[in-house]
Amino acid sequence: MRQPHIAALLLLPLLLRSGTEGARTLRACGHPKMFNRMVGGENALEGEWPWQVSIQRNGIHFCGGSLIAPTWVLTAAHCFSNTSDISIYQVLLGALKLQQPGPHALYVPVKQVKSNPQYQGMASSADVALVELQGPVTFTNYILPVCLPDPSVIFESGMNCWVTGWGSPSEQDRLPNPRVLQKLAVPIIDTPKCNLLYNKDVESDFQLKTIKDDMLCAGFAEGKKDACKGDSGGPLVCLVDQSWVQAGVISWGEGCARRNRPGVYIRVTSHHKWIHQIIPELQFQGRAGTQQQQKDSQGQQRLAGNSAPCLAAHAMVLALGALLLRIV
């Protein structure tokens, strides 16, 4: 009988398609369909920052975040001081205007929140959390993940990056309705310079703040432009090898856009291992031209690049070919 090999041949295109779709999903990160880069506190365009999400409590926006996988959002730990009732939280994806989310937007309930256990309070290290959604979202032109960097990616001082959010435009004002997503280009500031800035003009009732090793500064010494209240947990992204990679998570600052007080972010690369422990299937963006590897739980080396799904499909094809030879 030759019928088994016919069934196997019918499975072949399905296996090839599965591998191709996996590779396409991985390539989706950091590649929005819309490009329009203007410097300085401007309205974003629809689909321009498709990983930006609004984290809401009882239907009200209180923090930003970034989609990093179909069921996971990266944000700040200080956004979740109390998670005893997880049912009050939801995530809004694919929206440009908070008050008028539009047809491309999607509300998804929160399943659980995992804060970094090393986090000890405002302005401390490890101010990162992972929000798991109730179910996976389908990637569209308006809902796409941002790439996360592995430790090989260095964000140099002076590098121009972007911060986005629905936070207040200043310490006194609230973003006017319909609350359009804002974008701002900010340069990276090296840690020694940032510490010097935060040591200037220190008021007597303020505790001196230190930029820790897992923190990253971005902004302007003269102030005037910065993230503000309501932006917390949102992404600081930089263009690396033609992909948008998240360098930091909005964490803290003194006021908003004050002189000598640039924004402080948590370095994503500093918490690469913790993120990978919770989401082992998540792949990280390495430097161009390098083949990044990670060890699985058994200590075996495995590829961490976009070729993995293709290699898996290739292996299945070889196995299927061997099966056909045995059958015929």
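Cβ coordinates come from backbone N, Cα and C, glycine included.
The recorded disulfide partner of Cys63, taken from Swiss-Prot and restricted to Cys29, Cys79, is Cys79.
Swiss-Prot lists a disulfide bond between Cys161 and one candidate from Cys29, Cys238, Cys256; that candidate is Cys238. Recorded disulfide link (Swiss-Prot): Cys217 to Cys194, out of the candidates Cys194, Cys256. Spatial neighbours are here defined as Cα atoms within 10 angstroms of one another, and by that definition Cys217 (disulfide bond) has no neighbours among the active-site residues His78, Asp127, Ser232. When other Cβ atoms within 10 Å of the Cβ of Asn82 (N-linked glycosylation site) are tallied across all protein chains shown, the result is 7.
When the Cα of His78 (active site, charge relay system) is compared against those of the recorded positions Asp127, Cys161, Ser232, Cys238, the shortest separation belongs to Asp127.
For the disulfide-bonded residues Cys161, Cys194, Cys238, a Cα-Cα cutoff of 10 angstroms around Cys79 (disulfide bond) retains nothing. According to DSSP, Cys63 (disulfide bond) is assigned to a strand segment.
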